[in-house]
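A.B. asks: Once you've had a glance at the structure underneath, I'll fire off some questions.
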Amino acid sequence: MAIHSILFVCLGNICRSPLAEGIARKLVKEAGLSLYIDSAGTSGWHIDEPPCEHSIMVGKRHGIDISHLKGRKVSVYGDLDFDLIIAMDKQNYHDLLQLGFPKEKLALMGDFGLKGKEIPDPYYFKDLDGFEKVYSMLESAIYELISVVVKKY
Ligand code: 4NP
């Protein structure tokens with residue numbers, strides 16, 4: 001099945017997955033592809049909030065504006081049509097299964113060139129270094145993800 005849409009999922013949808021969404025949109029555009037990209041959280045703790053300040057800052061440093069994005073909660077009713085749903089860590093993956101998403105649509109971000117490593121939850125990081133690390137993990141994994149998607153379909 002061809003991949004036309006990808007959803008990135010973390011816990012709050014304010015730190016990791018909005019950054020993943022911004023990076024993916026940029027790389028997809030640069031690759032000349034048309035893929036629908038979105039992000040969501042397994043919790044509803046930050047609905048309608050903008051991404052966290054540090055993710056906005058790190059994105060900006062790399063030429064990506066995510067300040068307009070708004071937090072939302074993933075839903076098996078609204079999000080089942082995504083072709084691929086990428087979890088940032090194993091807890092997110094487990095929660096998506098519990099919510100009823102089929103295993104065939106799920107993957108871990110770390111499975112794309114990061115040897116299965118989880119994208120660490122940066123919510124309690126004190127400085128930007130942790131967010132820079134998250135950014136570089138996401139960038140390399142999403143680059144790999146897009147090349148896999150392109151090669152496969
Ligand atoms: P995210 O980070 O899952 O990357 O958006 C978090 C954001 C908020 C919380 C935890 C993680 N929180 O506990 O509110």
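Even glycines carry a Cβ here, placed using N, Cα and C.
Any TrEMBL annotation is an automated prediction that lacks curation.
In case it helps, TrEMBL gives these features for our protein:
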type	residues	note
DOMAIN	4-148	domain 'Phosphotyrosine protein phosphatase I'
ACT_SITE	C10	active site, nucleophile
ACT_SITE	R16	active site
ACT_SITE	D121	active site, proton donor
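Map these features onto the structure and tell me what's around them.
C.D. replies: When averaged over the domain 'Phosphotyrosine protein phosphatase I' (4-148), pLDDT in the model lands at 96.
Long-range neighbours of C10 (active site, nucleophile) (same chain, six or more residues apart, CB within less than 8 Å of its CB): R16, S17, A20, S39, G41, T42, A87, M88, D89, N92, I119, D121.
In the three-state DSSP assignment, the secondary structure recorded for R16 (active site) is helix.
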A.B. asks: By DSSP, what is the split of the domain 'Phosphotyrosine protein phosphatase I' (4-148) into helix, strand and coil residues?
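C.D. replies: Grouping H, G, I as helix and E, B as strand yields 61 helix, 20 strand, 64 coil.
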A.B. asks: Mind giving me a neighbour count for R16 (active site)? Other Cβ atoms within 10 Å of its Cβ, every protein chain shown.
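C.D. replies: I count 32 other Cβ atoms within 10 Å of it.
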